[in-house]
Amino acid sequence: MIAAPEIPTDFNLLQESETHFSSDTDFEDIEGKNQKQGKGKTCKKGKKGPAEKGKGGNGGGKPPSGPNRMNGHHQQNGVENMMLFEVVKMGKSAMQSVVDDWIESYKHDRDIALLDLINFFIQCSGCKGVVTAEMFRHMQNSEIIRKMTEEFDEDSGDYPLTMAGPQWKKFKSSFCEFIGVLVRQCQYSIIYDEYMMDTVISLLTGLSDSQVRAFRHTSTLAAMKLMTALVNVALNLSINMDNTQRQYEAERNKMIGKRANERLELLLQKRKELQENQDEIENMMNAIFKGVFVHRYRDAIAEIRAICIEEIGIWMKMYSDAFLNDSYLKYVGWTMHDKQGEVRLKCLTALQGLYYNKELNSKLELFTSRFKDRIVSMTLDKEYDVAVQAIKLLTLVLQSSEEVLTAEDCENVYHLVYSAHRPVAVAAGEFLYKKLFSRRDPEEDGMMKRRGRQGPNANLVKTLVFFFLESELHEHAAYLVDSMWDCATELLKDWECMNSLLLEEPLSGEEALTDRQESALIEIMLCTIRQAAECHPPVGRGTGKRVLTAKEKKTQLDDRTKITELFAVALPQLLAKYSVDAEKVTNLLQLPQYFDLEIYTTGRLEKHLDALLRQIRNIVEKHTDTDVLEACSKTYHALCNEEFTIFNRVDISRSQLIDELADKFNRLLEDFLQEGEEPDEDDAYQVLSTLKRITAFHNAHDLSKWDLFACNYKLLKTGIENGDMPEQIVIHALQCTHYVILWQLAKITESSSTKEDLLRLKKQMRVFCQICQHYLTNVNTTVKEQAFTILCDILMIFSHQIMSGGRDMLEPLVYTPDSSLQSELLSFILDHVFIEQDDDNNSADGQQEDEASKIEALHKRRNLLAAFCKLIVYTVVEMNTAADIFKQYMKYYNDYGDIIKETMSKTRQIDKIQCAKTLILSLQQLFNEMIQENGYNFDRSSSTFSGIKELARRFALTFGLDQLKTREAIAMLHKDGIEFAFKEPNPQGESHPPLNLAFLDILSEFSSKLLRQDKRTVYVYLEKFMTFQMSLRREDVWLPLMSYRNSLLAGGDDDTMSVISGISSRGSTVRSKKSKPSTGKRKVVEGMQLSLTEESSSSDSMWLSREQTLHTPVMMQTPQLTSTIMREPKRLRPEDSFMSVYPMQTEHHQTPLDYNRRGTSLMEDDEEPIVEDVMMSSEGRIEDLNEGMDFDTMDIDLPPSKNRRERTELKPDFFDPASIMDESVLGVSMF
């Protein structure tokens, strides 16, 4: 047992215990450590008689007898036979009654009452020991704490403050409440008796220095709460002294005849008593601050550090005259560099309480100037909670004084409105709003009642637009709006103002919006309307849609009504004004999907609906841009809702538009495809533009009645025959035909269909697949990519999955690609996805655009690869085609590593053995490619061969730790690998190694994944291919065989998992080595092996002969899983595990103490935490801030009364940079 550190020898606060937990030499005068101690280092000893041996009380200290006393607690309020700990633990009794009972006990016999209180703190620490009256009288603090340490339960690291469960849920709050109430009830007498507080403070100081975390944590919390209660007492004393001083001054200023001398004497006496009491409180607070806080605020346990910082924040806020100065603020400033987020969070919340009170700002100026940069950098903290509070703190700093934060500081916060983490973004949005939008000029007061362009929000909307454009993140308007939604709702919902800024002419002297600003305003307006209508954050921010409250639903309905009433009238005007601007029109056309369409009828707005439909028709005729046309299509889809009466009106308009487009397309196509005539560019443009419009509408609308398959088929077939069809026409014809197929399938699936419908769709689908296959060999890359993407979609949709969900009637539509099509798809991937990035065009002018194009190209290639991998995962194509994909894993890891890895995982879930065979096939392909390039006499140390080995190692890692689950797959992998290695005999004879023998070097990377018995089985199988001469060879060329054999013969020591690992997550629990396994246990192991009940008819294909006792089923042609462990894993006892038969050698390593998690050990080394900067991005990283700090050990001195000018013992200002931190440590000036 590690002894507790030495504690002061009695209940005297004179000495500061020298901690074994942290070297707090920063706070001590090393050279004059034992010299005379100044004021504040002591609390006076209680006055005791000669017969009282240092403990005071009723002489012998015997507990009183009587019915009203039990365990030092009165039997009142229904609480009987309970100690203080039990009462606080229950948390049901009124705490004041509990404390009053203890005070009565203390007045009767203070030693016995204090003994109860001491045992209360011991029990609250989770210690089962009890301090007896004899120990209390005769033993010193250090001896008592050492004795209690020995009574601790070492098997568990839990104690009341950390225990889980409902009974402990409120323990901490009850514990803290008890201490606060105790001091409050004792504040007028008992705390000044120079005994009770001396005893408690000395005990808590000693416990807080213990190496037992439970003692340290509990006593630190108690001491800090005790200090907080004393600060409150000191504050009350200060108020009383001020009142007494005012009364005294008023009485003394009276005329001599009216002056009451007796009252003056009483007031002087009262002031003197209050002064003495204040001095006593100062001594107590000094003792706690120096004995506990200055040591524990740097404790190794984050919870303890957090307690200290939280409480010092309360002291500074509660009694700012005494504590809000740089001598105490420095502790918070230093701790902002703490390595644990919860401690940094406490620092920020403590500072928020101070900055919130504007009256305290003058006292924070020096602190702000020193630590402002740190606070700004914490907005990028890796802990999001810390970042949020840092931004909120800066918002308070901004409100207190705008001059403190520079433009650069503000910009560091501004960009966080685009953060994907919503709480961070919302906090940054509030900061932005306070900085740029909350101020209003006096001249704007007269504009409050105005609306629209002349309203008070007009300038603010412009400011928002300017900010959005300057941020240069034009694709993230939704994020900006969401960030400011909570704090600037009124501004963001002023759609009337936004609309007037777009439609109305600027006033005289007002600068009009530029084209770029109008585009930005329209985008922001769209995002605000979407946010109001949908009531959830944009994609990528938040956890998805939540259930709206009744109030939120009402607000949503009101907003949609307001949006519809305004924009049903304004939208046609906006479309007319910006009809030629594709970007603006695209955004404006999205508004109707957020309308309440019923208002068109109830509000008699049909004429505005007609105007909207006319504008959409005009836009379709004017534009050929795909985004604009799709926006028009979606708008028609939103308006064509059969639930509303406007459906007929919109449907007629849509049908008329499609009729005209279809007729025009057929007419143009007939002219375009006339034989013998060369189509000119104008004809091609007309065909393309019309086809674009039809394709865009076919995306959202069923146009089956216009029979678009025939004309598109004719167009595509002509393109194949002639080979001169413009690429854009082919691309859109393929896409349009794809939509035709999908709409027909949807119609067949949703309603009963005839056999003729199925056969017609089957024929069209097969013909279309053949056309797409033809276009895979087109000379144009864009056409090939479109054909490949559509072909993958068609194969996926019409695979065997189409019959799932009870749709067996669709079986005739199932289409399985033949080997030639699979081969062409794979060739396309190899030729167009696994290619090197073109780095030629890197001019300075076009570098940024070039980077953007590269990213876009990579994104396109990733989509192509994902489409093909989906075919592999859903077994639409053969799994072995994945070998050509898997072998690219290392080479293209940065670009496609995640896709390939996920494909491996999914294929392994489908078929472990086939996946393993595919992996080994990919390695064999790479090996063969290396042989073709370098010949059989290649260098095994070459980068190419090393790369293949590294790929094998990566493949091995993907099998995970559960060897039992992958047992068969790994065995089959070794089988295929061995056969490949010996497949090509050396033409020079058996004295030379087989041509592929070096492949065994690659195969050895998988040996660690074999179970012990399977290693023996694989070794036996390997020997079937070896001759006697091979086993004797030791030349370098035979090294792969030797290393592979050794990896199989390594046996148990190389095994990292036992068979039982697949059954129990507990793993091996062997604590001691066993000499020899019992026979019974050996039988269990043999029973765990996968046995064979059938033999292969061909002996050549068998791994083992019948005489061999170890069997690995995957090495047979017909594997059968007959093992008990595979069927009923729970029947195995832990003592019968594989590990108990083959005990692993245990290596003892010295494990460093991990402060990031609470362990279960009783004793701890009290290392000082490394204070580190944990920012994502920070400058001027401070290394080990605590090291070399020269802490001052100032006394707590309460400020003099504002009217007590005669007091001369005023303390100097302790804020001395030299006493705070040695500047040589940081290399920068502290302030």
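Just so you know, glycine gets a Cβ as well, placed from its N, Cα and C.
Keep in mind that this is a model prediction, so the values were computed, not measured.
Per Swiss-Prot, the phosphothreonine annotation among the candidates THR816, THR1112 falls on THR1112. In summary, of the candidate residues SER362, SER369, SER1177, the record from Swiss-Prot lists phosphoserine for SER1177, whereas the others have no such entry there. Swiss-Prot marks one residue of SER377, SER1008, SER1058 with the annotation phosphoserine, and that residue is SER1058. Comparing SER519, SER655, SER1178 with the features listed in Swiss-Prot, the residue bearing the annotation phosphoserine is SER1178. Cross-referencing SER653, SER1007, SER1031, SER1061 with Swiss-Prot, the residue annotated as phosphoserine turns out to be SER1061. Per Swiss-Prot, the annotated N6-acetyllysine among residues LYS172, LYS607, LYS717 corresponds to LYS607. Within 10 Å of the Cβ of LYS607 (N6-acetyllysine) there are 11 other Cβ atoms, across all protein chains.
Using DSSP to sort the residues of the domain 'SCD' (293-378) gives these counts of helix, strand and coil: 71 helix, 0 strand, 15 coil. A mean pLDDT of 94 is what the model gives for the domain 'SCD' (293-378).
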